[in-house]
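Down below is the structure, laid out as structure tokens.
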Amino acid sequence: MCRIAGALRTLLPLLAALLQASVEASGEIALCKTGFPEDVYSAVLSKDVHEGQPLLNVKFSNCNGKRKVQYESSEPADFKVDEDGMVYAVRSFPLSSEHAKFLIYAQDKETQEKWQVAVKLSLKPTLTEESVKESAEVEEIVFPRQFSKHSGHLQRQKRDWVIPPINLPENSRGPFPQELVRIRSDRDKNLSLRYSVTGPGADQPPTGIFIINPISGQLSVTKPLDREQIARFHLRAHAVDINGNQVENPIDIVINVIDMNDNRPEFLHQVWNGTVPEGSKPGTYVMTVTAIDADDPNALNGMLRYRIVSQAPSTPSPNMFTINNETGDIITVAAGLDREKVQQYTLIIQATDMEGNPTYGLSNTATAVITVTDVNDNPPEFTAMTFYGEVPENRVDIIVANLTVTDKDQPHTPAWNAVYRISGGDPTGRFAIQTDPNSNDGLVTVVKPIDFETNRMFVLTVAAENQVPLAKGIQHPPQSTATVSVTVIDVNENPYFAPNPKIIRQEEGLHAGTMLTTFTAQDPDRYMQQNIRYTKLSDPANWLKIDPVNGQITTIAVLDRESPNVKNNIYNATFLASDNGIPPMSGTGTLQIYLLDINDNAPQVLPQEAETCETPDPNSINITALDYDIDPNAGPFAFDLPLSPVTIKRNWTITRLNGDFAQLNLKIKFLEAGIYEVPIIITDSGNPPKSNISILRVKVCQCDSNGDCTDVDRIVGAGLGTGAIIAILLCIIILLILVLMFVVWMKRRDKERQAKQLLIDPEDDVRDNILKYDEEGGGEEDQDYDLSQLQQPDTVEPDAIKPVGIRRMDERPIHAEPQYPVRSAAPHPGDIGDFINEGLKAADNDPTAPPYDSLLVFDYEGSGSTAGSLSSLNSSSSGGEQDYDYLNDWGPRFKKLADMYGGGDD
């Protein structure tokens, strides 16, 4: 009985919640009021409130679902409100009277409209072990035990019982924590036990949803549950003693969240697009719309039903479509869909849960746009029964007439595009009709020339169709056929020769003035009185003339079949015929003269030059004949030698091989090398035959054993012509002139060099040499030198020191050079001598100085040097007074030096 009572207590909240949801849904449909549905929200809490602990959930009624509401707390330091209305603790604090009441505000983000509701928190009474023992109204779950078969005492059973799941409705309004069940062990009479639960929702994320009193074992839920987030919780209950030792095996507790109708259906698309052909029969499928509901699909809360709320436009019937209330398939239910009248329908589709219950179910809407597609239910119709046009004769690819049609189908579709055909009046296919892709007009075009003299008018029967056949039951009206009357305009046409070309046969050799034929043209314009005149357009050999009035053709020169203007025995001449119409027209005709051959060309020998040996053997000359005539005025030919001069037949003999070839051989045993002209008589087979004496130029030469001319004979025989000799002489003369000019230039250069030479011996002229000497430091070996040549600066007269400027050393001065006195020798230059002696002594005593006493090698200065070696150079102490007069003979470049050291009293 206790368990039954507990089960009833569990079901009562569920039934109450269902009843409350039904009432709320009914009230919402009847009259929805935006704001908080409750005046005061209350919750029962423990004394200690922890940071982040969910306290309660406040609901806000948003009737149209479009408001965006923001929540605020009047005590923001202690409480905060999430977007879903869940109230959390901002910090940890003990619950007291000052926290018992506060306000929650809801404000519309767009309109700034504001609502408020009061929240009341009450302190849950503290449970003691005595109060727990006295509490017997809450359903208990006892850890299972059973009797032993042997002892009859209570023992643990080997297998746990299966605890029935706890059903808890979602969105419960509390107060929280809400007691669910009490877990108890029958060993609590002897031991002090502590109870705990583990699993998702307790100590695993999301934590804190379920809590248990460790002393009483009371299991509670701390906040409203949401089945759409978690539909089932699986917890495990544990019982331990005060030392933490396990007293009972853990038992499984399953908590099922009972679904509430708290979610409206949502369409996958807010706007659905579909098409249906016009003229569709009832029952034609159009499209499918789909909505989903987050509630339990196996319960009424998630079972959706569809219906059409409205249709726009409502023609021809307000109920043109219907929808399957379970699948969302939209089909046609009425006939009369006509795209030309209504091109698009807009349906408002509603999806309602609770199997479409309008009282308790939640609804949502979407839009279905149905486009009526075109079919070929309107044939093209001509705007007129007869169309007119005209065309000049002999003109093609011109538009004669425009055929216009109307079609009510959708433009630029196969059901609208027109196709024209000619059904009568054009047996020879001279006309065609093309469709203008933009205007859909038919363009009647002439494709073959029309002769006015043959047909002056055409009456065409044309029909218009579409690219696709008409829909079933639609027939072509009479307006789909029309007549086109085409008038042909006469124009001046070109005269024409008949036949063209005209062929005549004539023998060559006709004399000038011979009338060959009459070549006339015809005027196709029979209804115009016009005259034709003739002129010659092309006559390559200028053999013909034509009468401008009657067209008679006469020769003005002898016709020759062998002329280069004759190809394959045919001579072509072109003539022009012109009328006097407006505008004047002309035509050309070709006269082909087939020339018959006569024997008017004598044969000639081929080749005209040949070679043979001085002896008859082993060579012979093969010859043939060239005749510009053709059979029978050509071969076979007869070959013979003339009687004079007598040396021809004495030296040569000719043998006829066949009708075209003969062989020429030496008759005598030896003929001196040279060039001989042998006349040969050749006669053709014409009637009468024609003969000719042709000269064969034969070169007789010395031959080798093979019968070939030797190279010596070829070179001698070749010789040099006058032009070659003149060219060789000119080359020799030019070469001699170049050599002579080179010799003259060399002579002139030598003279210039001699004019520039100095008066001194060339061997002593070393002015142009820049001599580099090796290192000569360390002092001279020859220290016996005359220091009298060194002059102190104070011995020079002040007047002699004058600035003369800077000039080139090879420049000849144009004014008198200053004269300097001859330096007097200083007999005892003590200062310079002491300086040199001190330096010499220091060098001799320096142990780090290099051994300059060794043999020193100097560069060779050439044979032009006055001193053959350095040892032959004279110093100031080697002799008496030095003679520097020879410096005056060295030219202007040494004049400065000669003036300084030359003899002179001053």
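From the backbone N, Cα and C atoms, a Cβ is placed for every residue, glycine too.
What Swiss-Prot records for this protein:
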- Glu170, Asp226, Glu228, Asp262: Ca(2+) 1 binding site (BINDING)
- Glu170, Glu228, Asp259, Met260, Asp262, Asp295: Ca(2+) 2 binding site (BINDING)
- 863-880: compositional bias 'Low complexity' (COMPBIAS)
- 160-267: domain 'Cadherin 1' (DOMAIN)
- 268-382: domain 'Cadherin 2' (DOMAIN)
- 383-497: domain 'Cadherin 3' (DOMAIN)
- 498-603: domain 'Cadherin 4' (DOMAIN)
- 604-714: domain 'Cadherin 5' (DOMAIN)
- Ser96: phosphoserine (MOD_RES)
- Ser135: phosphoserine (MOD_RES)
- 863-884: region 'Disordered' (REGION)
- 1-25: signal peptide (SIGNAL)
- 725-745: transmembrane segment (TRANSMEM)
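Sequence-distant neighbours of Glu228 (Ca(2+) 1 binding site) (same chain, six or more apart, CB under 8 Å from its CB) are Asn263, Ala294, Asp295, listed in sequence order. Cβ atoms within 8 Å of the centroid of the Cβ atoms of Glu170, Glu228, Asp259, Met260, Asp262, Asp295 (the Ca(2+) 2 site) belong to the same-chain residues Asn171, Asp226, Arg227, Val257, Asn261, Asn263, Ala294, Asp296, Asn301, site residues excluded. The average pLDDT for the domain 'Cadherin 3' (383-497) in the predicted structure is 90. For Asp259 (Ca(2+) 2 binding site), the nearest of the recorded positions by C-alpha distance turns out to be Glu170; the candidates were Ser96, Glu170, Asp226. Across the range of the domain 'Cadherin 3' (383-497), the DSSP-based residue counts are 3 helix, 52 strand, 60 coil. Burial estimate for the binding-site residues (Glu170, Asp226, Asp259, Asp262, Asp295): highest at Asp295, by number of other CB atoms within 10 Å. A C-beta separation below 8 Å, combined with a sequence spacing of at least six in one chain, links Ser96 (phosphoserine) to none of the other residues. Here the Cα atom of Asp226 (Ca(2+) 1 binding site) is found 9 Å from that of Met260 (Ca(2+) 2 binding site).
DSSP assignment over the domain 'Cadherin 1' (160-267) gives 4 helix, 47 strand, 57 coil. Just so you know, the Cβ of Met260 (Ca(2+) 2 binding site) picks up 25 other Cβ atoms within 10 Å once every protein chain is counted.
Counting residues of the domain 'Cadherin 4' (498-603) by DSSP class, helix then strand then coil, yields 0 helix, 48 strand, 58 coil.
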